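Read through the structure below, which is laid out as structure tokens, and then see the notes.
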Amino acid sequence: MSLVTSKQMLLDAQAGGYAVGAFNVENMEMIKAVIRAAEETGSPVMLQTTPSTVSYEGLSTCVAMVAAEAKMASVPVCLHLDHGSSFELAVQAIREGYTSIMIDGSGRSFEDNIALTRKVVEAAHPNGLPVEAELGKVGGKEDDLSVETDSNTDPAQAAEFVERTGVDSLAVAIGTAHGFYSGVPVLDKERLSQIRQVVSIPLVLHGASGLSDEEVRECVARGICKVNFATELRSAYTDAMKKLLASQPDTFDPKKFGKAGMDAVTELVKNRMTVCGCCGRG
């Protein structure tokens, strides 16, 4: 089927009490691996690219690869711009064929974040595309994104932010981090529940790589409708290829070690979809 937007996908998740898995992809192999996992579990799925991936692949190439695989898929597939860094990049993604847009103004002041987000919403909505924004700061380092100090989302500000921007989903900061965790994360799940009480739109959890299954499930139970996974996919993909090349050092066919990486990603994604509760919802 054709690429779909995340709008109804996330509203269905919110109504059904589950979350859609959103997986960052870097190349054709990872795209195929994630969609294969979605088909094998009957799950709706969001594939995401960061600005650094866009810089590496190109917007049009990302769209072409994901759209080609989505056309053959038996489940709904959405292509999402993750951590859109500017209004200009968001507009380019809209024009090229992305079906969901995130604008990340979390590093700006509250008022500047509202202004930037509203501007992207005004560009996306006439094209039928939903917008995700972030309020509060999810710490950590991943790709070109580096946040030295995190700050959790204020529930009252979240309600005002959603009202003034018209955004479709909101990424909240409750103690998760991008990249690998250096210790055991402590999530402010009560804060998440408070945000859920005052914000009606779907909520998004960033930095889920490394969280326990129980932590993810509880966040979903408290209102998270989209869960982002990136670091652990890259790690699984790379580790599987390293393992194959170490055991078969004479291998030079990219298809062989590429398949090893794909298989590892597929198994990981299937597990994460089970944890999110979205299996059979596609």
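Note: Cβ is positioned from N, Cα and C throughout, glycine not excepted.
All TrEMBL annotations are machine predictions without curation.
Record features (TrEMBL):
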- ASP82: active site, proton donor (ACT_SITE)
- HIS83, HIS178, HIS206: Zn(2+) 1 binding site (BINDING)
- ASP104, GLU134: Zn(2+) 2 binding site (BINDING)
- GLY179, GLY207, ALA208, SER209, ASN228, PHE229, ALA230, THR231: dihydroxyacetone phosphate binding site (BINDING)
TODO: Give the helix, strand or coil assignment DSSP yields for ALA208 (dihydroxyacetone phosphate binding site).
DONE: coil
Task: Cβ neighbour count (within 10 Å, all chains shown) around ASP104 (Zn(2+) 2 binding site) - done: 26
TODO: Let me know the DSSP-derived helix, strand or coil state of PHE229 (dihydroxyacetone phosphate binding site), please.
DONE: strand
- [ ] Compute the C-alpha separation of ASN228 (dihydroxyacetone phosphate binding site) from HIS206 (Zn(2+) 1 binding site), stating it in Å without decimals.
- [x] 5
TODO: Out of ASP82, HIS83, GLY207, SER209, ALA230, give those recorded positions positioned within 10 angstroms of ASP104 (Zn(2+) 2 binding site), comparing C-alpha atoms, in sequence order.
DONE: ASP82, HIS83
- [ ] Looking only at C-alpha atoms, tell me how far ASP82 (active site, proton donor) is from PHE229 (dihydroxyacetone phosphate binding site), rounded to the nearest Å.
- [x] 11
Open item on the list: I'd like the number of other C-beta atoms within 10 A of the C-beta of SER209 (dihydroxyacetone phosphate binding site), please.
Closed with: 26
Task: Neighbour tally for HIS83 (Zn(2+) 1 binding site), based on other Cβ positions within 10 Å of its Cβ - done: 27
Task: Candidate binding-site residues GLU134, SER209, PHE229, ALA230, THR231, pick with smallest Cα gap to HIS83 (Zn(2+) 1 binding site) - done: GLU134
Task: Number of other Cβ atoms within 10 Å of the Cβ of GLU134 (Zn(2+) 2 binding site) across all protein chains - done: 25
- [ ] In whole Å, note down how far the CA of GLU134 (Zn(2+) 2 binding site) lies from the CA of SER209 (dihydroxyacetone phosphate binding site).
- [x] 18
